């Protein structure tokens with residue numbers, strides 16, 4: 001049975017008039033017009049052929065290896081002293097049995113003037129720069145593609161709207177001027193680094209105008225470095241016992257972090273003090289399922305060891321609330337940040353959904369989630385939910401009318417697209433955060 005591939009992420013413009021959605025290797029654009037009317041505003045697909053690139057690279061390596069083989073033939077002899085010709089290259093061609101290749105699009109960000117959209121493509125480990133033109137039939141136009149040697153994992157945009165900070169899979173951080181001309185071969189040196197995979201990065205400024213880069217990694221570390229003098233480490237934030245998957249910044253001093261621990265951490269990043277922790281383990285327990293059982297080789301005799309991790313934590317822009325979700329669960333948890341007790345966190349609300357949450361984003365005082373709705377029966381729905389703060393009720397509520405109309409817009413926009421309408425077994429892996437957890441084998 002074919003279904004529309006679930007949405008992997010959402011990003012909304014400041015005024016809410018534009019929404020960008022990721023499905024596989026595509027970015028869909030929608031215009032939002034009140035009340036609850038959506039208009040399809042174009043699609044961009046990453047047509048970079050990673051398989052063909054792999055074949056081309058292999059062919060070049062084989063050609064070079066064949067030349068080396070010819071030179072080495074003089075040195076190779078049989079037991080009888082006869083020359084042996086070796087014409088086969090050492091480098092194998094990709095073929096049957098090779099692992100599947102997934103061309104994810106990640107890390108959607110808008111510049112502050114919203115004239116450009118920045119994203120990352122797994123297909124060629126690149127940073128994508130789009131022009132955003134709301135008057136055009138297709139609002140996105142790819143302008144530049146900066147390729148890296150390692151996959152970009154997280155990005156942050158500087159205030160000048162031209163500098164993008166990129167954290168990669170192998171622990172290096174780079175600074176790119178998106179007005180520059182992309183290099184044919186990546187030669188840039190990193191501005192700072194970790195010894196582990198980077199998971200998040202934020203470029204922030206203190207009240208005195210000094211800039212800092214905050215980075216988190218798989219090794220439980222949060223590092224604060226001066227910018228642009230990134231060789232100067234301001235401080236480390238210690239407290240996590242497992243990987244840090246996501247960080248977010250509040251106003252002034254506040255930093256929030258989460259990951260493989262069963263706690264949310266609140267920090268004063270200026271002083272390095274851990275202000276508070278919020279243990280959510282009892283709250284999430286009813287939402288855990290078989291997907292949270294530890295891998296068989298790390299299980300006990302009763303097969304009841306569970307492992308869970310926060311996939312994303314994000315703060316409301318104007319309100320004292322922060323939301324997060326645990327990977328492969330059907331809820332988001334909203335916490336209130338105390339204004340009296342500095343950095344103190346308290347439960348505000350838990351919002352449940354019919355399917356697992358895939359992504360969480362924020363637009364002003366609205367939270368947005370995308371859902372793993374591949375098991376939806378009948379007409380496919382519940383692609384995303386828009387969650388608004390109701391001042392009168394002092395609580396967050398799902399705007400069902402807006403969400404339902406968005407479902408209809410998604411269905412209409414992908415009709416006839418054989419890439420986005422796919423078999424269930426061909427859906428991209430949607431739960432990758434748990435793979436960051438280290439077990440005994442990583443320390444041996």
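From the backbone N, Cα and C atoms, a Cβ is placed for every residue, glycine too.
Range with Swiss-Prot annotation region 'Disordered', chosen from 55-91, 92-128, is 55-91. According to DSSP, the secondary structure content of the repeat 'WD 7' (308-354) in residues is 0 helix, 27 strand, 20 coil.
Below 8 angstroms of C-beta separation, residues 106-107, 109, 111-113, 115-116, 118, 120, 122, 125-127, 129, 198-203, 205, 213, 215, 217, 223, 225, 228, 230-231 of the same chain, each at least six residues beyond the ends of the repeat 'WD 4' (148-192), sit close to that stretch.
With pairs at least 6 apart in sequence, the repeat 'WD 6' (238-279) and the repeat 'WD 3' (100-147) have fewer than 3 Cβ pairs within the 8 Å limit; the two do not touch. Within the chain, the repeat 'WD 6' (238-279) has long-range Cβ neighbours (under 8 A, six or more residues past its boundaries) at 199-200, 202, 204, 206-207, 212, 214, 216-222, 224, 307-315, 322, 324, 335, 337, 341-347, 433, 436-438. Across the residues of the repeat 'WD 2' (48-99), the predicted structure has a mean pLDDT of 58.
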